[in-house]
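Peer 1: I am attaching a structure below and will ask some questions about it afterwards.
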Amino acid sequence: MASKALFFFALLSFSAVSLRPAFAKNEEDPGLVMNFYKDSCPQAEDIIQEQVKLLYKRHKNTAFSWLRNIFHDCAVQSCDASLLLDSTRRTLSEKETDRSFGLRNFRYLDTIKEAVERECPGVVSCSDILVLSARDGIVALGGPYIPLRTGRRDGRKSRAEVVEQYLPDHNESISVVLERFADMGIDTPGVVALLGAHSVGRTHCVKLVHRLYPEVDPVLNPNHVEHMLYKCPDPIPDPKAVQYVRNDRGTPMKLDNNYYRNILDNKGLLTVDHKLATDKRTKPYVKKMAKSQDYFFKQFAKAITLLSENNPLTGTNGEIRKQCNVANRLH
């Protein structure tokens, strides 16, 4: 009996030793934490916030870009600024794929990076700049301030070949959209809230004409169709032409819950907007967010936080790029 007791005690001791590393804090890799740069670059977040404010004052459309960036980067395998990398002779950039159509203003992220580099060379990652600029851009658009952790490092390659596996298209079924986000831990109200980003910005006509030509989609609000046809008069628009419809004609520069009222009134521009307002899994949350902006903001903040923490590179993984559009080994 004594020998069995000793064996059981030894087994417990071995298990405790074996499991300890999984729970012990790794001083070399603290992961994502609040104010990661408080010692290495205390002014980092203030500089980013200041630059966002300055750039927004000069070019208000930048805020839409920052908001799209966090989705297009973080949803594709890892929140590691792979979106910002330029194409090389061997690798196509994520930002040049069809799913990234309309993404722009990357040069302003370079402006922010340059400002941070002047203060703290080689310290702050492009992936943290991408995430924090989105956070501050959301505030510029009238949205909530979302405390986000930092400590990300930058990936070394773009992943154009897998973009379509991770980013749902505007014509996808709600089932596919929910599944893609669920893989990142974002639940149904979180998905509905994230799509509330369609409250701001614009949609290019190339994404809309299939709902207008050769016949108008009968589910569209007739009062809205007239405006859409006026803004998109060509059945086959030139993708390089600046032809678009504002996502929300009422408050086009404000992140608010007007989007949900619009889609309940059949004024959603994209097919996914209409599906969101009619699918039995998402419609209850659309109605709830249409009634309460506080609820929308609460779910939006939660979803953005989860998105920003999707499989980041931390510790000694990845690198701190010198320039956001080029991996260091190619610099």
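Cβ coordinates come from backbone N, Cα and C, glycine included.
Predicted automatically and left uncurated, TrEMBL annotations should be read as such.
I grabbed these lines from TrEMBL:
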type     : residues      : note
DOMAIN   : 31-328        : domain 'Plant heme peroxidase family profile'
DISULFID : CYS41-CYS120  : disulfide bond
DISULFID : CYS74-CYS79   : disulfide bond
DISULFID : CYS126-CYS324 : disulfide bond
BINDING  : PRO168        : substrate binding site
BINDING  : HIS198        : heme b binding site
DISULFID : CYS205-CYS232 : disulfide bond
Peer 1: For CYS120 (disulfide bond), identify the closest of the recorded positions CYS74, HIS198, CYS205, CYS324, judging by Cα separation.
Peer 2: CYS324
Peer 1: Do you know which of the disulfide-bonded residues CYS79, CYS120 has the most other C-beta atoms within 10 angstroms of its C-beta?
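Peer 2: Compared across CYS79, CYS120, the most Cβ atoms within 10 Å surround CYS79.
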Peer 1: Find, for the listed disulfide-bonded residues CYS41, CYS324, the residue with the lowest Cβ contact count at a 10 Å cut-off, counting only other Cβ atoms.
Peer 2: CYS41
Peer 1: Could you measure between the residue listed as 'substrate binding site' and CYS79 (disulfide bond) for me? Cα positions, answer in whole angstrom.
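Peer 2: If we compare the Cα positions of the residue listed as 'substrate binding site' and CYS79 (disulfide bond), the gap is 17 Å.
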Peer 1: I'd like the number of other C-beta atoms within 10 A of the C-beta of CYS126 (disulfide bond), please.
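Peer 2: A 10 Å sphere around the Cβ of CYS126 (disulfide bond) contains 30 other Cβ atoms.
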Peer 1: Return only the integer: C-alpha distance in Å from CYS74 (disulfide bond) to CYS232 (disulfide bond).
Peer 2: 31
Peer 1: Would you mind listing, in sequence order, the residues at least six apart from CYS232 (disulfide bond) in the same chain with a Cβ closer than 8 Å to its Cβ?
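Peer 2: Same-chain residues close to CYS232 (disulfide bond) (Cβ under 8 Å, separated by 6 or more) are CYS205, LEU208, VAL209, LEU212, GLN243, VAL245.
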Peer 1: Which of the recorded positions CYS41, CYS79, HIS198 has its Cα nearest to the Cα of CYS324 (disulfide bond)?
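Peer 2: Answer for the nearest of the recorded positions: CYS79.
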Peer 1: Non-local Cβ contacts of the residue listed as 'heme b binding site' (under 8 Å, 6 or more apart, same chain)?
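Peer 2: Correct list: ASN247, ASP248, TYR259, GLY268, LEU269, LEU270, ASP273.
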Peer 1: When you measure from the Cβ of CYS205 (disulfide bond), how many other Cβ atoms are you left with inside 10 Å?
Peer 2: 23
